[in-house]
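A.B. asks: Encoded as structure tokens, here's the structure I'll be asking about.
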């Protein structure tokens, strides 16, 4: 462990200071500390120093410098989650400034597709919303048995998946909300289908039959009254001599008309027979 030239700290001590200042949130102080480091390539290539530089660049909004650091050095897997968050958040912020509005889930998805994680901070495994598929599989399996894990169980799941407890809690919360929304939609569709079926059942087939029968009955004279054609024939023959004889004959024929409505030929004979006889009498 040798001291750095013209500097009172060893490389390990510098790395420790960077980690402590990051964890304490003293990012401005961390930035001043990094600026005070001597120009030593070996020191500036230390992974803790590089990670500290990336954090400070993000904090100051210097995203171009952040991307350069993340793309130019191979980082250890245990640092990937933190650096991936910096990469994605920086691109989200730039996209929001460009569009002038916050990004939704779809907007963030498009940003991730447009700016994929560099292999220097990504092991190549497919991710979804920054969750590895293996981690999501563990959460899905747990959800099928218990959608409401306890705080202790959430901590255990976080350790098993490499996620934070907050990420685990948010995953279960979002999954429950999606399932409730799907169930509500299914109930709504079922109720709408039942309502439509009930309305159809309320329209009795007898109603339609009744209206058809009513219209049919209106086209015919009631059985107690003479047929309109017969009445007209009777009225026309009353003005001729011998009308009284015909009127009786016509009336008798009219009374039998309704019994023959189902037989058109019989109806025609019953009306024309008396009329022909009357015309013969009038002509003689």
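Every residue, even glycine, has its Cβ placed from backbone N, Cα and C.
Pulled these features from Swiss-Prot for this protein:
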type: DNA_BIND; residues: 124-183; note: DNA-binding region
type: REGION; residues: 167-238; note: region 'Disordered'
type: COMPBIAS; residues: 179-190; note: compositional bias 'Basic and acidic residues'
type: COMPBIAS; residues: 191-204; note: compositional bias 'Polar residues'
type: COMPBIAS; residues: 226-238; note: compositional bias 'Polar residues'
A.B. asks: For the compositional bias 'Basic and acidic residues' (179-190), what are the DSSP-based totals of helix, strand and coil residues?
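C.D. replies: Helix/strand/coil tally for the compositional bias 'Basic and acidic residues' (179-190): 12 helix, 0 strand, 0 coil.
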A.B. asks: If I take every residue in the DNA-binding region (124-183) and average their pLDDT values, what number comes out?
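C.D. replies: So the average pLDDT across the DNA-binding region (124-183) works out to 86.
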